[in-house]
Amino acid sequence: MNPFALMMFLTSLAIGTITTLSSHHWLLAWIGLEINTLALLPVMTKMPHPRAIEAATKYFLTQATASALMLFSCLINALQTGEWDINTPHNLMTNPLSLAIMMKLGLAPLHFWLPEVLQGISLSTGLILSTWQKIPPMILMFQISHSIDLGLMVIMGLTSVLTGGWGGMGQTQLRKIMAFSSIGHLGWIILILKLNPQLSLLSFILYIIMTTAMFLSLITLSTTKMSQISASWTKNPALTTTTMLILLSLAGLPPLTGFLPKLLITLELIKQNMMIFATLTMLTSLLALFFYLRLTYIIALTLSPNTHNSTTTWRTPMKYPLTPAIINVMALTLLPLTPTFLLM
């Protein structure tokens, strides 16, 4: 793609996000989301492959449906209350509005578009879709968290955690695994959104850090399948090792960063006397733990038949080694800062 065109589309992405984040008016927030969607479509199709075109079409149709439901809910809300302010109290249209935003996020059971779309696009575009594109809808969810029905949040959260674990178990494509991982993590975040928005925000930031680290590692290693990642040890041993640790961090194992949000969310659920939901969430997250451990096993304990006659080892040069290094360190070592986060 032309660098000037790519810069223009990425600038439009930033403008759409800033518009949504800074708006107190539902119509402006909706316009920002639309700018975001339309700016990403050309980036998705920068490689003119049938899978990319199919992914962009699916993404457009899903986002258009969610946007139509969101605009309809905002109009009915304005008709009822006489105002377009985002921070309006709970009314009849809050639940449809929440469902429209959840469809944009890709939460289960409105998640069917996310794995297929992520599978059809490149890793760099998948990084934008899994991190940057989640920010505007999630910020809107934070703004209306006080008026959302708690039952809806708990059901969507538990369904997403279950779907994220169950859907990723039989996958061999890394982009689909990352899509189901995204669904599962967002389920944890949504589960606690009504009860403790600050904790949800912290969990969302940590999710973005860990997902960015994983995608940057996959981009550097040029791997999109399990068979490729099993052969990545000879290319870059250090990065392959940190990729394995990032997978364990995404699984939520201590003493890595991913353990922090799961620990705090479970403690918050217990504090709110929601022991059953805390137990169910932890049990369903074991499904996701299975496919993370499966990937870790493939990376660390299997070696593909890649014997060669040369005694010198070939290594993959890294273009920008500092960015993945910083993100990878953050994705692995933030657990000791838990007391600081709690004080904040």
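The count begins at 1 with the first shown residue.
Just so you know, glycine gets a Cβ as well, placed from its N, Cα and C.
Taken from TrEMBL, the feature domain 'NADH:quinone oxidoreductase/Mrp antiporter transmembrane' applies to 23-287.
Residues belonging to the domain 'NADH dehydrogenase subunit 2 C-terminal' (289-342) score a mean pLDDT of 75 in the model. The annotation domain 'NADH dehydrogenase subunit 2 C-terminal' is assigned in TrEMBL to 289-342.
The transmembrane segment annotation in TrEMBL covers 26-47 (among others).
Look at TrEMBL and you will find 59-79 (among others) tagged as transmembrane segment.
Residues or ranges marked as transmembrane segment in TrEMBL: 150-168 (among others). Listed by sequence, the residues of this chain that lie at least six past the ends of the transmembrane segment (150-168) yet keep a Cβ under 8 A from its Cβ atoms are 95, 98, 102, 107-109, 111, 115, 176-177, 180-195, 274, 277, 280-281, 284-291.
Residues or ranges marked as transmembrane segment by TrEMBL: 205-224 (among others). Proximity of distant same-chain residues to the transmembrane segment (205-224), defined by a Cβ-Cβ separation under 8 Å and at least 6 residues beyond the stretch ends, is recorded for 123-124, 126-127, 130-131, 134-135, 173-175, 178, 181-182, 185-186, 189, 232, 235-236, 239-240, 242-243, 246-247, 249-250, 257-258, 260-261, 316, 318, 323-324, 327-328, 330-331, 334.
Residues annotated as transmembrane segment in TrEMBL: 244-265 (among others).
For 277-300 (among others), the entry in TrEMBL reads transmembrane segment. Beyond its flanks by at least six residues, the transmembrane segment (277-300) meets 154, 157-158, 161-162, 164-166, 168-169, 171, 174, 177, 180-181, 184, 188, 191, 226, 229-230, 232-233, 240, 243-244, 247-248, 250-253, 262, 265-266, 269-270 of its own chain at Cβ-Cβ distances under 8 Å.
Residues annotated as transmembrane segment in TrEMBL: 320-343 (among others).
Tertiary proximity for the transmembrane segment (26-47) is limited to same-chain residues at least six positions away from its ends with a CB under 8 Å from its CB atoms, namely 1, 5-6, 9-10, 12-13, 15-20, 53, 55-56, 59-60, 63-64, 67, 70-71, 74, 77-78, 84-86, 104, 117, 120-122, 125, 128-129, 133, 136-137, 140.
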